[in-house]
């Protein structure tokens, strides 16, 4: 287990005979550490720093020694995300300078760059197609096609009302997950080529990190509320409908408060407008007095539905598709080891916790 503190040290923790983890080595960096990426196959550790540098080390087989390899002058300010691509020998990174860059990990040479619309806060890469996914603080996801020394803008997605905080990519199903400060996760079906976007609502605070268990098709999302949510993605989910516009309730035809003409003609006081999360119709409060979870639409919590939709939702449709767990700390970073079913969380309380997820991720 390797962990970079938001200070000047990088520490390697080893499990002792007692079953407890203790630091084996640590290395002092010239600038505070901001992010990191570790490749177990090569034991290559890439560390992003506040000064824009990426420092690389090779860890020994017994994890008791760190050997410096090279430094990349990648960014003008803090490095926000790093990803090492072994198959192409590339180091991908984003920085607070609004730059995405990729370097050759063998020569250290900068291969290319792209300026993002806002500071990037999520980074994923698909080796097969050489597509890179960049989420930023404006809520946008940018997709680029990378060549050896240039890149092409493919498209951009915008579905969040808050900044993107995390990205996760499933290369088999070709699905991208994005977490946001708006408390939601969106599943973008890129492989289906139908533009499907499924929203998942299961947190009461911003989503901080995402991991994916590919073999069981389960998504793990962690939030600032301390919640760990395990989503079953092996179900047929439905898109939430677009909210319809209307000047009056589409159930009882009572005018909304801005519809002055109908209020005058009918001599009725205008009502406040709401929307049914199931059908999307514009309804008044009286016609949408019920609440219900709609898990297949991503609503694990109870949401407003119109009375007719509430009657139509079956108990089977209300069955949860996610499990909820309390980490008891404000999670800022996670790492999931699929081979052992272990989840590592680190929080603002400066505590690292290791969880056995096999009872729920299996």
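Placed from the backbone N, Cα and C atoms, the Cβ positions cover glycine too.
TrEMBL does not curate its annotations; it predicts them automatically.
Residues or ranges marked as repeat 'WD' by TrEMBL: 157-190, 200-241, 324-357. Marked as domain 'FYVE-type' by TrEMBL: 243-314.
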Helix, strand and coil totals (DSSP H, G, I; E, B; other) for the repeat 'WD' (324-357): 0 helix, 21 strand, 13 coil
Residues in the domain 'FYVE-type' (243-314) grouped by DSSP into helix, strand and remaining coil: 19 helix, 20 strand, 33 coil
For the repeat 'WD' (200-241), the number of residues DSSP places in helix, strand and coil: 0 helix, 21 strand, 21 coil
DSSP-derived helix, strand and coil totals, residue by residue, for the repeat 'WD' (157-190): 0 helix, 21 strand, 13 coil
